[in-house]
Amino acid sequence: MQKLKQQVFEANMDLPRYGLVTFTWGNVSTIDRERGLVVIKPSGVAYETMKADDMVVVDMSGKVVEGEYRPSSDTATHLELYRRYPSLGGIVHTHSTHATAWAQAGLAIPALGTTHADYFFGDIPCTRGLSEEEVQGEYELNTGKVIIETLGNAEPLHTPGIVVYQHGPFAWGKDAHDAVHNAVVMEEVAKMAWIARGINPQLNHIDSYLMNKHFMRKHGPNAYYGQK
C-alpha cells in the first residue's frame, strides 16, 4: 500500500500546486480493486504538514484498516462512485473557484470550445439539489448517489467530472493523477466558459462535429493525439 499512499499524497499535493484548493478544501483518493481498499486524504490535515504516511486506507464499507487519522469527510461519496463505476481509478473533490461558481449557480459547464472537447464529451453536468431528508440522512453517500443519478448510463471517463449543485466539483480518472489532471482542466474550462459568456451572452455550444473530432482524436478507438 505504500506505493498507493505515495501516489495519493503526491496527487493531493498537486491540488494547492495548481491552485485548486484553499486551506484544506479538497481531497484525492485511489483504489486497489484487487484488495478492495481505498487510499484517501485524512480529514482536515493541512497540506503543509501532510506526509505520505498520513494517507488513510479504508475498505469498501468505509472502515479504516490503516492510518492514524480519520479519513476525508467525503469518503462515502468516493466509495459510492468506485462501487458504481469499475473504470474509475482515482477521484478528486475540490472547491475550485470557477467550477464551484457554476455549481452554486446550478448550471452545467457548457462545452463552448475545443479545450473543453479535448477532455469532456459534452457539457459538464450539474446535479439536482439534495432534499432536506438526503442532507440530514447519509449526506456524503447521497452526494455520490445524486452524481450517479445525473450521469445515468454514460461512460464516466467520457465525462470525467461533474458539479454538485450548491456544493462543488468532483472529477475522476484512470488513477489519482489522471483525476487531478481532469480537475485542473474542469477549473480552466469553467473559467473560459464564464469569460466567453460574459463577452458574448448569446454564445452557443461548440459545433458537434468539432467536439467529436477533438474528443475522439484523443480518446477514441483510433486516437492519434500524443505518442504511443
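Cβ from N, Cα, C; glycine included.
Site annotation (Swiss-Prot, ligand Zn(2+)) includes ASP74, HIS93, HIS95; from HIS167, HIS177, HIS181, the additional listed residue is HIS167. There are 25 other Cβ atoms within 10 Å of the Cβ belonging to ASN27 (substrate binding site). Contacts of HIS95 (Zn(2+) binding site) defined by a Cβ separation under 8 A and a same-chain sequence distance of 6+ are given as VAL21, THR22, TRP25, GLY26, GLY168, PRO169, in order along the sequence.
Between the binding-site residues HIS93, HIS167, HIS93 has the most other Cβ atoms inside 10 Å of its own Cβ, all protein chains included.
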